[in-house]
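Asks: Pasting a structure here, questions to come.
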C-alpha cells in the first residue's frame with residue numbers, strides 16, 4: 001500500500017480532537033489538525049489548522065458528538081478549506097480508547113465483535129469508553145468504506161506479571177469482576193520506548209527503563225526487556241502519583257470516612273479525589289504547576305507543600321522501580337508537558353539518586369525546556385542516561401492503524 005490518508009480521533013467527554021495524515025511507512029504529513037470543544041452546548045468551538053492556515057468557528061450549537069462529527073466532515077470537505085475532496089479519500093480511522101481491559105492486548109481493527117467486547121467493559125471507563133463507542137458507531141455510517149482501528153491506553157501494560165497487576169483483595173474479585181491494575185498512558189510509553197531504543201542504539205528487547213509521563217495526569221512505568229513490567233496507575237487513572245487534580249495513592253478507608261463526615265455519597269467523594277485533589281487540593285489555588293511555582297517562589301506555604309508532596313511521591317516510585325528492576329536500568333526518561341518543560345521538577349525528582357550513580361547535569365537540565373526537543377541531561381559521571389523525550393501518542397496510533405489496514 002502506498003500513501004494513504006488516515007484520520008486520528010481522540011474522543012473526550014465534551015471534546016473531539018482530530019488529526020488528518022497522509023502516511024507512508026515511517027513518513028507522515030499532517031494535512032489538518034484541530035479540536036471541537038464544548039460539545040453538548042450552544043457555545044461549541046471548532047479550531048483547525050491546515051495548509052499553514054488557522055480557522056476558528058465559535059458559538060456553534062453542537063449538542064452531541066454525532067453532530068460534532070458532521071461539523072468535522074463539513075470542515076474537511078468544504079470549498080474554503082479544500083483539505084480533502086471527498087470522504088472516501090480517508091481509508092483508515094484510528095481511535096484512542098482509554099480502557100481495553102484485559103481483553104485487548106494490542107490495537108485491533110474494529111468490527112461488531114470488538115464493539116460488543118468494548119461495551120462489556122465500558123464500566124471500567126464510564127466517562128470515556130461509552131462516548132468513544134458512540135463515535136465509532138457513527139463513523140461506520142459516515143465512513144462506510146474506511147477501516148477503523150482501536151488503539152488502547154491499557155494494551156501496553158498487558159505484559160505485566162500477576163505479582164505486579166493483582167491487588168491483595170479476594171482473588172474472586174479478579175476472577176469474577178476483573179478487579180486489577182491496568183495502567184494507562186500506554187500509547188505514550190510505547191512511543192518513548194521505541195524512541196529510546198533508537199537514541200541509545202539498542203534493541204528494544206534489551207532495554208530496561210523508568211519512564212515518567214508527567215502532565216496534568218501523571219504516571220510512571222518500569223520497562224524490563226522492552227516491555228511494561230509495572231506502572232503506577234491502577235484499575236483507573238486515580239492511583240499512583242500526585243497529579244493536577246487527582247490524589248494518587250490514598251488509604252481507601254478515607255472514602256467511607258469522608259462520605260460520613262461530609263454527608264456525601266461515595267460517588268461524590270470519588271469525584272473530589274479525581275477533580276478537586278492532587279496539586280489543586282493541596283495548593284488550594286490551581287492544578288497548573290506554572291501557577292503553583294509562582295506562589296511557591298513567593299514562599300506561599302501550600303504551594304511549596306504541593307511541590308514537595310508531588311516530587312516526594314515521584315522519588316518513592318522511582319526508588320521502588322529501581323529495586324523492582326534489580327537496579328539494572330539503561331535510562332530514566334521524562335516526558336509529557338511537565339516532564340519536558342519543568343527542569344525544577346526533574347531535578348527534585350532525582351535529588352539524592354546521585355549517591356547511587358544517577359546524576360543530572362544541572363546546566364543541561366536547566367536548558368532543556370523546549371517541549372518539542374529531545375535532550376540528554378545526564379552528567380558525564382552518571383551510570384545511566386537521563387533523557388527528556390517529547391511523547392507522540394498520535395504517531396503510535398497512526399503507525400498501528402497503518403500496520404493493521406495496509407493489507408486489508
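Each Cβ is built from the backbone N, Cα and C atoms, and glycine gets one as well.
Annotation source Swiss-Prot lists Mg(2+) binding site at 10, 393. If you look up Swiss-Prot, you'll see 17, 213, 214, 215, 216, 217, 288, 289, 290 marked as ATP binding site, on the strength of sequence analysis. Feature annotation from Swiss-Prot assigns substrate binding site to 96; the stated evidence is sequence analysis. Annotation comment: Swiss-Prot describes 153 as active site, proton donor/acceptor, evidence class sequence analysis. As annotated by Swiss-Prot, site 'Transition state stabilizer' applies to 185, 246.
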Asks: Check the recorded positions 153, 393 for other C-beta atoms within 10 angstroms of each C-beta and report the one with the most.
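Replies: Checking each of 153, 393, the winner is 153.
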Asks: Given the recorded positions 153, 216, 288, find the one whose Cα is closest in space to the Cα of residue 10 (Mg(2+) binding site).
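Replies: Given the candidates 153, 216, 288, the nearest one is 153.
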Asks: Which ones, of the recorded positions 96, 185, 288, have a Cα no more than 10 Å from the Cα of residue 393 (Mg(2+) binding site)?
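Replies: So the list reads 96, 185.
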Asks: Looking only at 17, 213, 214, 215, 216, 217, 288, 289, 290, the residues listed as binding ATP, what is the longest Cα to Cα distance in Å?
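Replies: Max Cα-Cα spread across the ATP binders: 24 Å.
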Asks: For each of 10, 216, count the other CB atoms within 10 A of its CB; which of these binding-site residues has the top count?
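Replies: It comes out as 10.
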Asks: At the level of the C-alpha atoms, what whole-angstrom distance separates residue 214 (ATP binding site) and residue 185 (site 'Transition state stabilizer')?
Replies: 10
Asks: Could you work out which of the binding-site residues (17, 96) has its C-beta surrounded by the smallest number of other C-beta atoms within 10 A?
Replies: 17
Asks: For residue 153 (active site, proton donor/acceptor), what is the secondary structure state per DSSP, taken as helix, strand or coil?
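Replies: It is coil.
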Asks: So which binding-site residues out of 17, 96, 216, 290 end up within 10 angstroms of residue 185 (site 'Transition state stabilizer'), measuring C-alpha to C-alpha?
Replies: none
Asks: Taking 10 A as the limit, how many CB atoms besides its own sit near the CB of residue 290 (ATP binding site)?
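Replies: Residue 290 (ATP binding site) is surrounded by 10 other Cβ atoms within 10 Å.
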Asks: Just jot down the residues in the same chain as residue 288 (ATP binding site), at least 6 apart in sequence, with C-beta under 8 A of its C-beta; none if empty.
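Replies: Set apart from residue 288 (ATP binding site) by at least 6 residues yet with Cβ under 8 Å, we have 244.
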Asks: Let me know the DSSP-derived helix, strand or coil state of residue 288 (ATP binding site), please.
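Replies: DSSP assigns residue 288 (ATP binding site) to coil.
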